[in-house]
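Notes follow once the structure below has been shown.
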Amino acid sequence: YPQFDPDNTGYISTEKFRALLQRHGSELDPHKLEVLLALADSNSEGRICYQDFVNLMSNKRSNSFRQAILQGNRRLCSKALLEETGLSLTQRLIRHVAYETLPREIDRKWYYDSYTCCPPPWFMITITIVAFFLYNGVVLDRFVLQVTHPLYLKNSLLYHPQLRAQAWRYLTYIFMHAGIEHLGLNVILQLLVGVPLEMVHGAARISFVYIAGVVAGSLAVSVADMTAPVVGSSGGVYALVSAHLANIVMNWSGMKCQFKLLRMAVALICMSFEFGRAVWLRFHPSAYPPCPHPSFMAHLGGVVVGITLGVIILRNYEQRLQDQSLWWIFISIYLIFVLFAIFWNIFAYNLLDLKLPPPP
């Protein structure tokens, strides 16, 4: 509009911008209007970029717009999203996910307005349903293999120290579990925590945290528990759950999810029970000596990934991770660990002259 930007600079003054909002505010979504007002209030330069306005109306957050909101006072004029009534079941579900996951009201409203369920949380559902049950149920004709089952070690998926050169085993071990209780706890935690996180943060971020936890888990076993095999998805699950719990603790006052203390306690109890079972099983006499039962070190590897990389990813909702210094610090530490573990697997096993269990 030439009358608002006669020099064609792409900017208009905040006074003209507020006048436009007052004139046409009834035509805008209330949540978008609120964010636009916050943008006008927080802009110290006295002018608004037209592209920021376009990005907002098209549900795209530019970096300059995010910085303007972050630097502003972010005062919300209308009632909180939680107080709105007359919502459909789907809208209430999206609102519930927003309050379970995001600590700031302005991010909750942004997510509530922009979420379209397209694409759906396909990664966690695929990993949980297809990968676990399709392979075990169709290929092996069993939904889960107990550690006493004759086919337990004789498959191409689990990580075995004698077969560590087969690189796919550092990932595919998540498709095998050491009993129905092991599978059940992992599936429950993965669906209850992983699906809402993917709905908010997207498949790319959540799959990165999950796979990073899986790889860190198997590599941690190859370094710290060198004679043991590994099965189960606990590395990835613990990465997601620990990242989510740490995010809640770091943003405790902003998290408005109901019964958050009780939910944290339940999650910690489930994780502690599953971890305690893994420790007990590791030192229990093996059904196939001299090969020991699966290691529990993958759990610890997943937790470390969750409280480092995972926290950074979940904390920076819809912000470019490339702009975060902590992101580069933790990703560098992670890559250094991966490189160290690779060289450890190549050289340390021969140098230490370990007595490894025979290949299955």
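Cβ coordinates come from backbone N, Cα and C, glycine included.
Residues 230-249 are the range that TrEMBL records as transmembrane segment, among 170-189, 230-249. Tertiary proximity for the transmembrane segment (261-283) is limited to same-chain residues at least six positions away from its ends with a CB under 8 Å from its CB atoms, namely 147, 178, 181-182, 185-186, 188-189, 193, 225, 228, 234, 238, 241, 245, 248, 292-296, 299. Within its own chain, the transmembrane segment (230-249) has Cβ neighbours under 8 Å at 101, 103, 127, 132, 158-159, 173-178, 182-183, 186, 189-190, 193-194, 197, 206, 209-218, 221, 255, 257, 260, 264, 267-268, 271, 274-275, 278, 294-295, 297-299, 301-303, 305-307, 309-311, 313-315, counting only residues six or more beyond its boundaries.
Neighbour density for S234 (active site, nucleophile): within 10 A of its CB lie 32 other CB atoms from the protein chains shown.
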